[in-house]
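Working notes for the structure below.
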Amino acid sequence: MSRGLELLIAQTILQGFDAQYGRFLEVTSGAQQRFEHADWHAVQQAMKQRIHLYDHHVGLVVEQLRCITEGKSTDVDFLLRVKEHYTHLLPDYPRFEIAESFFNSVYCRLFDHRSLSPERLFIFSSQPARRFRAIPRPLAKDFFPEKGWEKALNNVLSDLPLRLPWQNKTRDVGYISAHLVETLGEETLRHSHLQVANELFFRNKAAWLVGKLITPDATLPFLLPIHRSDDGELFVDTCLTTSAEASIVFGFARSYFMVYAPFPAALVEWLREILPVKTTAELYMAIGCQKHAKTESYREYLYYITSTDEQFIEAPGIRGMVMLVFTLPGFDRVFKVIKDQFAPQKEMTAAHVRACYQLVKEHDRVGRMADTQEFENFVLDKRQIDPTLMALLLQEAPDKITDLGDKIAISHLYIERRMVPLNIWLEQVEGAQLRDAIEEYGNAIRQLAAANIFPGDMLFKNFGVTRHGRVVFYDYDEICYMTEVNFRTIPAARYPEDELASEPWYSVSPGDVFPEEFRHWLCADPRIGPLFEEMHDDLFRADYWRSLQTRIKEGHVEDVYAYRKRQRFCLRG
């Protein structure tokens, strides 16, 4: 092939990425209008559309390249020259880091995720020292309380691009000011100021103002969720100023923000100061660059695996009937492989399981479902696999394992944040911690249901506890939409003997769910049963679930709060 062809291919890939990110920004830029018009269903559709854009544009580029090369095979030297030309296009490119990930995706689509090596792919960044280039305008604006904090806060709210009237701006400014005084004290505030991002962060039914509260001693988060009333008026729902609160808002179990970010690396770097525990991958994920977040996540994994002598082991917890889960003892993620054969009671296919995971990726996760990254032909060094785990992999998923000599390749797996399984957590805690966990579990079920998600298998083992004590669902093989379920009350027994029979005295059809049965496995522990009955007894009634279904079918979209309801200004004393 002509040497000029390599440059043409490199340019075609970069132009394809330009087109993809342009559409990404176009969809994102509509977030403000969707919020102002309260078009919540359009919010959900835009979220799915934006996720699909990436793979769609990768596919378009792949088809272009097949036409350009006329289907001829390409040798290794040719591919290396394509990457070299592509690398030379990036030094002055404003989104070079995501462009590298796009190149990787095109390569993997062309070559079916095979022959993946640092020479052919951007497994490591071509410009590791350059996080981002100079940008044409600042990301944020400073506000100083020269005439008092209430005046400064009024200026912050007045400066927003939102075109709706305020319900009561003076009231909200008073709430925020009082919260800052209560949290930091007047003396500290006298020597502090705000730096507020120019772009709002939209998600669900809220527009988030994201800023930094810069004090003499520290830089703190300054987050204001702005909501729209049914009358079309704006109000601030709360003010969050701790790193823990900010971490939850930007958490891995939440949908991606819609924030206009033509220079994503610069925004990630700006956010890092108020989200110090978040990795680079998590920050890119939060702003919707999920494919590049996958690249960064893999780099974080490579950094860890090359600096430890730990071995992969089976993950703690009850072994699943569908997934084989393993981890590294000191790593904060788990690796999930779909088994070749499922337990008899799991009447489903691997394709169904993958569809469930994709549903979660595209759906509003409401802070209650863990995000995942999907990998193909994932290579592990045999020396770093515990023999017991190796035997288990070969027993449960032999069709997915390829022996490469001193390594193995797993044809398909998911990587997910590691949490403490809820069943283990409940065994270890007492008192207030136990009560909080049961309250959190019930809240998770309610919020998932309100978002039109029924977990299917509600056993404690299918949920995890995060470092912030939040309960998150992570076992998706039986997940379905609430509207697909037939919630029924168990009919009264005809005779006393019916209740002692091994088979039910009533008919059961596919899709039937009897909430009364939840009590048998959720309340069996005498420490847990009374707490569950006190806080969540309505979960055992079919009419509760049917009422949620009615609201969903009527088009109602529930509010989702990334903080405790007691923190809302409208509920404070």
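Any Cβ shown, glycine's included, is placed from N, Cα and C.
Per Swiss-Prot, the features are as follows:
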ACT_SITE  Asp371  active site
BINDING   Ala315, Pro316, Gly317, Ile318, Arg319, Gly320, Met321, Lys336  ATP binding site
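Where Swiss-Prot records a feature, it is marked here on the structure.
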{"residue": "Ala315", "record": "ATP binding site", "Cβ within 10 Å": "19"}
{"residue": "Pro316", "record": "ATP binding site", "Cβ within 10 Å": "13"}
{"residue": "Gly317", "record": "ATP binding site", "Cβ within 10 Å": "17"}
{"residue": "Ile318", "record": "ATP binding site", "Cβ within 10 Å": "12"}
{"residue": "Arg319", "record": "ATP binding site", "Cβ within 10 Å": "12"}
{"residue": "Gly320", "record": "ATP binding site", "Cβ within 10 Å": "21"}
{"residue": "Met321", "record": "ATP binding site", "Cβ within 10 Å": "15"}
{"residue": "Lys336", "record": "ATP binding site", "Cβ within 10 Å": "25"}
{"residue": "Asp371", "record": "active site", "Cβ within 10 Å": "23"}
Please tell me which one of the binding-site residues listed here (Pro316, Arg319, Gly320, Lys336) sits closest to the residue listed as 'active site', measuring Cα to Cα? Lys336
In three-state DSSP terms, the structure that Gly320 (ATP binding site) belongs to: coil
Look up Ala315 (ATP binding site) in the DSSP assignment and reduce it to helix, strand or coil. coil
Could you tell me the maximum Cα-Cα distance in Å between the residues recorded as binding ATP, namely Ala315, Pro316, Gly317, Ile318, Arg319, Gly320, Met321, Lys336, rounded to a whole number? 15
